[in-house]
Amino acid sequence: MHRKVILLLTVSLLLRIGFFSYGIFQDSHFDVKYTDIDYFVFHDAAGYVNNGQSPYLRDTYRYTPLLSFLLLPNYYLKWIHMGKVFFVLFDLITGVMIIKLLQGSCQLTKQLILASIWLLNPIVITISTRGNAESVLCFLIICALYFLKRDRLLISGLFYGLSIHFKIYPIIYALPIGIYLLLSSHNRNCIWRLFMIGISTLIGITAPTYFMYKLYGSEFIEHSYMYHLTRTDHRHNFSIWNLVLLLESAGIHLSQSIELSKLAFVPQLTLCAVLPYLLWKSQTFENLMNVLFVQTYAFVTFNKVCTSQYFIWYLVLSPFYFANTTITWRKGVVCIFLWILSQAVWLSQAYLLEFKGQNVFFPNLFFGNIVFFLINVYLLGVFITDIKSRTSFQDNQHKKNI
């Protein structure tokens, strides 16, 4: 391993150790805890499993039982933070896999700069060290893409299927991955390739789902999957649907005929279905990664529930998108500023609500939701335009070569 890679990974590890250690200090000395409230849910659910019971006895546990199994060492070692160590390890290994995936696309120095978007990102580090499990999901997705790039379709499908079992949303990648395999094969064994990844993905989904269902029955399906289709969380929610969810949770409906929040899936899934068209002009693996990035960005922006941990879903794909971007440094700085601003406006009002007890849901917090949505829609447009300009340039170069 090159010494530059070792240096980056060492710094990344030390940063995580620092954040992790500070988190333990804050938890023991301050009223406001560093550890994510969800981590205590995971921990308690693992406690039920450790006693031979269902993790769903823990109120608000809405995840696959596999996650609670991962935290069983908390009880074996009698240390509540052991699960966080696992999440940090998945976080770091994901960074290593990002470096491996970037190999061949650019020089080593650029690879490490791009990988730093994940490895040195304070948002990523904070989320994993607070005890959020998104790093496990990101690891599964990146592994699926790593083996897809190397044409190891059976292994890729297994990782991809397991990621869908872990959380539903990666299923949106099925369409662009299918289009990529279909078009990049140039009619050579394309049906067989689609079949291989399709059957292995199905195994990756159904095998763990079957075993979890055998263990916990219908409550597993209800809490792990069905709940997320109807959830109405309105706390810590950046989404433009936040106010609608709040009103509906209080029994106030803006429409007599339908709950408006149920319409949230329409623009979201429409965009996720339309964006893979960007693959038609350029069927390279690099362009597939670009499409997955903008597709995920659109999914998060238009989702009816959007919290900071959801940003991880597209941040893990961002190094591949920025590898060959045509966005200038000046415009890039503006985009980063706007992205931070969109969160800062909302967080300023959320602070007044959470810590000052002020009733700022409307219009203050709603205004923050609108600002967040509009800025992120603008950024999505910038990213899509960037991809289209790259494919147009490649198309023109191809015509010149002919």
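Here the Cβ of each residue, glycine as well, is placed from N, Cα and C on the backbone.
Positions annotated as transmembrane segment by Swiss-Prot: 5-25, 79-99, 108-128, 162-182, 191-211, 238-258, 260-280, 309-329, 333-353, 365-385.
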Between the stretches 5-25, 260-280, 309-329, 365-385, which wins on the count of C-beta pairs under 8 angstroms to the transmembrane segment (108-128)?
309-329
Which residues of the same chain, at least 6 past either end of the transmembrane segment (365-385), have a Cβ under 8 Å from a Cβ in it?
237-240, 242-243, 275, 278, 293-294, 297-298, 301, 321, 327, 331, 335, 338-339, 341-343, 345-350, 353
Do any residues, 6 or more residues outside the transmembrane segment (260-280), come within under 8 Å Cβ-to-Cβ of it, and if so which ones?
172, 175-176, 179-180, 183, 232, 239, 241, 244-245, 248, 253-254, 287-288, 290-291, 294-295, 298-299, 302-304, 384, 387-388, 391
Positions whose Cβ lies under 8 angstroms from the transmembrane segment (309-329), at least six residues beyond its ends:
94, 98, 101-102, 105-106, 110, 114-115, 117-118, 121, 123-124, 127, 132, 134-135, 137-138, 141-142, 169, 286, 289-290, 292-294, 296-297, 299-300, 303, 335, 382-383, 386, 389-390, 393
Mind checking which residues reach the transmembrane segment (5-25)? Cβ under 8 Å, same chain, six or more beyond either end.
34-35, 81, 84-85, 88, 91-92, 95-96, 99, 108, 112, 115-116, 119-120, 125-126, 128-130
